[in-house]
Amino acid sequence: MGIAKSLDEKTGTDHVENVIDSPTLDSLDTIEQTKAGKFSWLVSITAAIGGMLFGYDTGIISAVLVYIGKDLGHTLSSNEKELITSITSGAAFFGAIFAGTTADRFGRKSAIYVGCILFIVGAILQAASFGLALMTVGRLIVGFGVGSAAMIVPLYIAEVSPAKYRGRMIGLDNMSITGGQLVSYGVGAAFAHVHSGWRYMVGGGAIPAIILCCLLPFCPESPRQLIYHGKFEEARKVIRCVFPNGTDLQVDQKIQHITIHVQESKDMTAGKSNWWVLKQLYVIPANFRALVAACGLMAISQLGGFNSLMYYSSTLFHLVGFSNPVAVGTVIAGTNFFFTWVNLMLVDRIGRRRILLCTMQFMGLFLIVAAIAFHWIPINHDLSLVEGAKVGSPAIIVLVSMVCYVGFYSSGMGNTAWLSSEFFPMEVRAMGTMMLTMTCWGSNVIVASTFLTQMENTTPSGAFGFYASICILGWVAVYFCYPEVKGMTLEDIREVFSHGFGVQRAREIQKEMKLRAVQGQDSEYREKASV
């Protein structure tokens, strides 16, 4: 009872006498086995609106590049198009650093607010631009906001979600990203023939940020953050809302369970700088393996070519001869949205690892098909279609292969890469998620700033063949280095990477979880039978 009493002093509970002695912490987390309420879903859906900031921006720039014409004073060159596209990704890289270094001190919600405000300001500046310089500044500010929101939203959702639904709830953020991309293509098509319609396109990006700012006051802070800052009663209220069917004892035990890990994290980081915390990701082997697995998958998800398709799909389909490239790009965005929903429904049932192993190799396959088809499309070195050329079967094959590629991407690593924030222990979770998001945007910058140039220098076939090789090599890396953590609590996941990359250890834990669930059902049945 010694541990229980000391925890009670920290949490302020009045249930010392009810705490059950146990050789493990699992007995303090039985509330996870109860039926969760709607509250955590509503909070996750609200926070996921932040994903629209990312999604809308990546989608709308595709249409803007086609219709901006000479509105910035001259026709933009390929390098200038790459500049206003990639500078947002570069700024997002630094926005993620800001969110990561302040998330523990000021809480998760504060970083989301800052991201929304930056996005609103940046959207207004873009819409008012009449020169390349102001447009670049607007894109820069939007990038800071997108990076902040992209880093903090999945982290926040992970900490307010029941373990058994965490994959689906974080998936809501990814579905919001793809939904934002789909909406952006619709907006792009709607304003395609409006004078200076691109200004309405970029200005409309402020709308989801405004909506999120209005709804955030109704969302609580993460219970782990509340406990971290000593606000136990507020944390108890949040946990009660997340698990309305739990008993008072189970709520208190959940507080104790989180407190043990929070206190352990605080003891490790007490008096330490952010730089010291960041170094723990590299000097502690288990943390470093978690970092490699999480950031490795994120890098593959970006370097595999998907965002080049999102940023430049209208340019790409215009290149191969389609007369309405934005409308054709909408097919890609619609596919992306639908298969993100498929992943959302399957990720907590099938598991992260199995989904990745069933999809990544097919991404590579369809990129190879596209590369072969491009060989038969007459394209000049400056990425213009040879005069007089018409859309033929090779262009149709490119479109079909891109649709298939996006389907496998969205149902696989497009969503799963963002779930990897769950790999990190609490003491380095904010920093780990920051590194995860920085990897996303750093890789994004590489793709956005080189795609058009790479196609000019290596031909479209060479560019898509390169992306295919990354996807196939990524499948091999996932097989050896990416463990399955579905259904585990955030506190339990830290054990996985203490055993190498934890692929085998994760299997053992999954079996133990199933055994405990069966034993719990048997115990419940016996209690009912005795009554």
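Glycine is no exception: its Cβ is also placed from the backbone N, Cα and C atoms.
Here the structure is a predicted model, which means the values were calculated and not measured.
Listed in TrEMBL for this protein:
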type	residues	note
TRANSMEM	41-68	transmembrane segment
DOMAIN	43-486	domain 'Major facilitator superfamily (MFS) profile'
TRANSMEM	83-100	transmembrane segment
TRANSMEM	112-134	transmembrane segment
TRANSMEM	140-158	transmembrane segment
TRANSMEM	170-192	transmembrane segment
TRANSMEM	198-219	transmembrane segment
TRANSMEM	288-306	transmembrane segment
TRANSMEM	326-344	transmembrane segment
TRANSMEM	356-379	transmembrane segment
TRANSMEM	391-409	transmembrane segment
TRANSMEM	430-452	transmembrane segment
TRANSMEM	464-482	transmembrane segment
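Panel annotation: around the transmembrane segment (464-482), residues 289, 292-293, 296-297, 300, 303-305, 308, 352-353, 356-357, 360-361, 363-365, 367-368, 370-371, 374, 413, 454, 458, 501, 503 of the same chain, lying at least six beyond its termini, place a Cβ under 8 Å from a Cβ of the stretch. Across 112-134, 140-158, 288-306, 326-344, 356-379, stretch 326-344 shows the highest tally of CB pairs under 8 A with the transmembrane segment (170-192). Between the transmembrane segment (391-409) and the transmembrane segment (356-379), the number of CB pairs under 8 angstroms, six or more residues apart, is three or more, so the stretches are in contact.
Note on the domain 'Major facilitator superfamily (MFS) profile' (43-486): its mean pLDDT in the predicted model is 86. Using a Cβ-Cβ cut-off under 8 Å and counting only residues 6 or more beyond its ends in the same chain, the transmembrane segment (140-158) has close neighbours at 43-44, 47-48, 50-51, 53-54, 57, 87-100, 103, 108-109, 111-112, 114-123, 125-126, 166, 169-170, 172-173, 205, 209, 222, 418-419, 421-422, 429-430, 433-434, 436-437, 440-441, 490. Between the transmembrane segment (41-68) and the transmembrane segment (198-219), the number of CB pairs under 8 angstroms, six or more residues apart, is three or more, so the stretches are in contact. For the transmembrane segment (430-452), same-chain residues at least 6 beyond its ends with a Cβ under 8 Å from one of its own Cβ atoms are 78, 81-83, 85-86, 89-90, 92-93, 96-97, 99-101, 103-104, 147, 150-152, 154-155, 274, 277-278, 280-281, 287, 290-291, 294-295, 298-299, 301-303, 305, 307-308, 311-312, 315, 383, 417-418, 420-421, 423-424, 463.
If you look at the transmembrane segment (288-306), the same-chain residues 6 or more away from its ends with a CB under 8 A from one of its CBs are 281-282, 356, 360, 363, 367, 405-406, 409, 413-414, 416-418, 420-421, 423-424, 432, 435-436, 439-440, 443-444, 446-447, 463-464, 467, 470-471, 473-474, 477-478, 481-483, 497, 500-502. Long-range contacts of the transmembrane segment (326-344) within its own chain (CB-CB distance under 8 A, at least 6 residues past either end) are made by residues 59, 62-63, 66, 168, 171-172, 174-175, 177-179, 181-182, 184-186, 188-189, 192, 309-310, 313-314, 317, 355, 399, 402-403, 406-412, 414-416.
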